[in-house]
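Undergrad: Following this message is one structure expressed as C-alpha cells.
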Number of protein chains: 2
Amino acid sequence: MTPMKTGLLLAAGTLFLAGGASAQTIDDSALLEQATALFSPIPHMIPKINDNAVTKEKIELGRMLFFDPRLSSSHLLSCNTCHNLAMGGDDNLETSIGHGWQAGPRNAPTVYNAVLNVAQFWDGRAEDLKTQAKGPIQAGVEMNSRPDVVVATLKSMPEYVAHFDRAFPNEDDAVTFDNLARAIEAFEATLLTPASPFDQYLEGNTNAMTEPQKRGLKTFIDTGCIACHSGVNVGGQSYHPFGVVEQPGSDILPPDDKGRFSVTETATDQYVFRAPALRNVARTAPYFHSGRVWDLKQAVAVMGVSQLGEELNAQQVDDIVAFLTALNGEIPETVVPQLPASTADTPRPMPMDE
Amino acid sequence: MTPMKTGLLLAAGTLFLAGGASAQTIDDSALLEQATALFSPIPHMIPKINDNAVTKEKIELGRMLFFDPRLSSSHLLSCNTCHNLAMGGDDNLETSIGHGWQAGPRNAPTVYNAVLNVAQFWDGRAEDLKTQAKGPIQAGVEMNSRPDVVVATLKSMPEYVAHFDRAFPNEDDAVTFDNLARAIEAFEATLLTPASPFDQYLEGNTNAMTEPQKRGLKTFIDTGCIACHSGVNVGGQSYHPFGVVEQPGSDILPPDDKGRFSVTETATDQYVFRAPALRNVARTAPYFHSGRVWDLKQAVAVMGVSQLGEELNAQQVDDIVAFLTALNGEIPETVVPQLPASTADTPRPMPMDE
C-alpha cells in the first residue's frame, strides 16, 4: 500500500494480521471491542456548530430556505432538488442537473449527517455547511443566483424578514447572505440519522446486526477499509487519492477532474478526494465523485482494487455490502414548510437567462 | 354581457340590481345570506371520489408517488416540482419548466382543493385527478416518461410493490399505471385547505373577515364575478371565453392557445378556459393560463374589463383583492415521504435523452 494520509494506517495494518476467514462465527465481544475503538454512533442530539448556535428559530428558517426554489435564478431549483430529503438526501443522479438543464461536475453528496464531516464538497473546499450552502446558490451550473438577488428576494417578503429577525435577534440588518447560510446550516445540523443497526450494535445490542452484516464489519476492518472509512460518519474525515494502489479507468475517474488539487494546487493532491461518509450509502447510488458506478457491490470491488490493491472475493464483497446496509439510519421526519408568497418587490424568475 | 355558460347569470343579474356603494357599512346578515346561497365552505373531510375509494394505504402510496422524481425520465422532476406543496400547490412560474428545461404551454394550476373542480387542466380535458395525473408524466415538455417505464420502475423496488399490494388488495397485478394514478388522486384528495377567513365567515362567524374583505365580497357578488367564480372552490366549475366582453391583448391571451377548442373542436370554444378556482389565489401568482400577470390587482382589473365589460375603480379592486386574500385556507401538513432506493432493475435516469 502507498502511504495514506491518516494515522489509522498502522491500526489497519495490525488488524490485517488479526483478520481471518470470513465465514466463521463471529466473536461478538471481540468485534464489538474493535468496532467501538474505530467508530462511534450517530448522535441523537444536534452537535455543536462553530460560530452558529443552533436555535429553534434558525432551524425553522433554515427549513424554509432549504425548500425555497427562489434561491435559484429560475425559481425552480432548491437545496432539496439535489439534496432530496425523500431520497437519502441526494438526487440519485450521476451528476446533478442544474440551471438550464446543465450537468454538474460531480455527484451530489447526501446532506444527511453531512454536519459530521470534517469539511464539505468532494474536494473539501468548504470548511463547514454554512460555507458550503453559499456555493450551489451562486454556481452557474447549479442555482445560478447572486447574493444580492437572494437578499433582495428575501427582503421582499415581510414574513421572511420576521423569521430572520427572530433567528438573528438584535442585529440591525438580519437578512444577509451570511445569515441565510447560518440558518441553512442549522437546519442541516438536524438531519442526523441515528439508530441504524450498526449504531445499535455499537451501543451494545449484538442482535441488531445479522451474521452477514457482522462478517461484513469484520471484513471491512480486516481488509483495511477503515483506513479511510472510520469515525462517527464511517468516512468523511480525511483526504485520499482515488487510486491509492491502482487508478480506476477514466470511465470511473475522469482525467479532467483532479479533485483537491484544484483547491490546494499541490501536486500530491491530484485525484485526491475526501473519503465519502458511508452512512446510508445503500440509499445514495450512484457512487464515487463521478457517479459512474450504480451497483454497491461493484463500488466495493473497485475500492478493493484501487484503494487496497486487493481483489476482494465474492463472499467478502457480499459481506461488506451487507454491513453497509446496516448503516441505514432512521431518517428524521421533515414537514414541508409553508413559504411566504412573493410580492411585487420580489425579483422575478429568470428561467431562460443563462 | 355576452351569454355565459352558467345558470348563475340570472342570479348575478339580480344581484347587480341589489348592489350599492362599496364603502358603506356592511349588513352582515344580508351579505351572509347572499354568500351562503352562492358559496360553500371547503370541507374538512375528504370528498367521495368516483371509482376510487380513498384509503389510508392509497394516500400513503400517493404521497410517495407525488414526491418521486423517478416518475420522470430524468429522475429530476416530480409532481411536486410544478405543484409545489410549499408554495401554494403550484410553481409560481409563468409556465412550468419541464424536461430539458423546456417551457410548458400554460401556467400550472394549484393542486390544493383541485379535487373540488369539475374537471382538470385549463381546458378541462381530464375529467378527474386520476386522469390528470397521467398527463404530465407522459408529456414530452413535462416529465417525459412512458407508462411502461414507470411501471417497470415501480416494480423494480419491492417496497413499492408491497405498497401497491396494500393499497389495491386482491388484485393479481396491483402495480399498474391506472393504480398509480388512483393513488396520486387519493393523496391529492387530502390536499384541502379549509378554515380560511371566508370559510369561517360562511360558517357564521362574521368577525372572521375584515371590513375591506366583506366589502370585497359584496363587490365580488354585485359586479358579477360570481357568474364564473362561485361554489365551494370559488370557480373551477364552468367554462368561459377569456374575453367575454373584450379580449385582452396578446401579451395576456396568446393567440395560438385556443383553450378548450383543442378539446371540443367547437368554434364557440375558441379561447374558452375553465374558470380557475380562486381558493388561495393570493399564494399562486402569476395569473391566467398564460401566467403573464403577476399582480393580483392587475388580474382583477383585467377581469373587470374582459369578462364584465367594466372598469372597476381603485376602491373596488382593492376590496376584491382584500376578499381574495380571505380565501387563503389552512394548508394541510405534509411530511416528506421516504422513498425506496432504486435497485439494479430500476431503469436508469435519462436526463439528456429528449
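Counting begins at 1 with the first residue displayed.
Placement of Cβ uses the backbone N, Cα and C atoms for every residue, glycine included.
Source: prediction; values computed, not measured.
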Undergrad: Going by TrEMBL, B:C225, B:C228, B:H229 bind heme c 2; tell me which of B:M157, B:M209, B:M303 is listed for that site too.
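TA: TrEMBL names B:M303 for this heme c 2 site.
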Undergrad: What does DSSP give as the helix, strand and coil breakdown of the domain 'Cytochrome c' (B:211-328)?
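TA: Across the domain 'Cytochrome c' (B:211-328), DSSP assigns the residues as follows: 50 helix, 9 strand, 59 coil.
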Undergrad: I'd like to confirm something. Which of the binding-site residues, B:C79, B:H83, B:H99, has a Cα closest to the Cα of B:C228 (heme c 2 binding site)?
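TA: Of the binding-site residues B:C79, B:H83, B:H99, B:H83 has its Cα closest to that of B:C228 (heme c 2 binding site).
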Undergrad: Mind tallying the domain 'Cytochrome c' (B:57-165) by DSSP state, helix then strand then coil?
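TA: Computed counts for the domain 'Cytochrome c' (B:57-165) are 51 helix, 4 strand, 54 coil.
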Undergrad: Write out the long-range same-chain contacts of B:C79 (heme c 1 binding site), meaning residues 6 or more apart in sequence whose Cβ is under 8 Å from its Cβ.
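TA: Counting only residues 6 or more apart in sequence, the Cβ neighbours of B:C79 (heme c 1 binding site) under 8 Å are B:L65, B:F66, B:F67, B:L71, B:V111, B:A133, B:P136, B:I184.
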Undergrad: Could you check which of the binding-site residues (B:C82, B:H83, B:H99) sits closest to B:H229 (heme c 2 binding site), going Cα to Cα?
TA: B:H83
Undergrad: To the nearest whole angstrom, what is the C-alpha distance linking B:C82 (heme c 1 binding site) and B:M303 (heme c 2 binding site)?
TA: 25
Undergrad: For each of the binding-site residues (B:H83, B:H99, B:H229), count the other CB atoms lying within 10 A of its CB, then report the residue with the highest count.
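TA: The most densely surrounded of these binding-site residues is B:H229.
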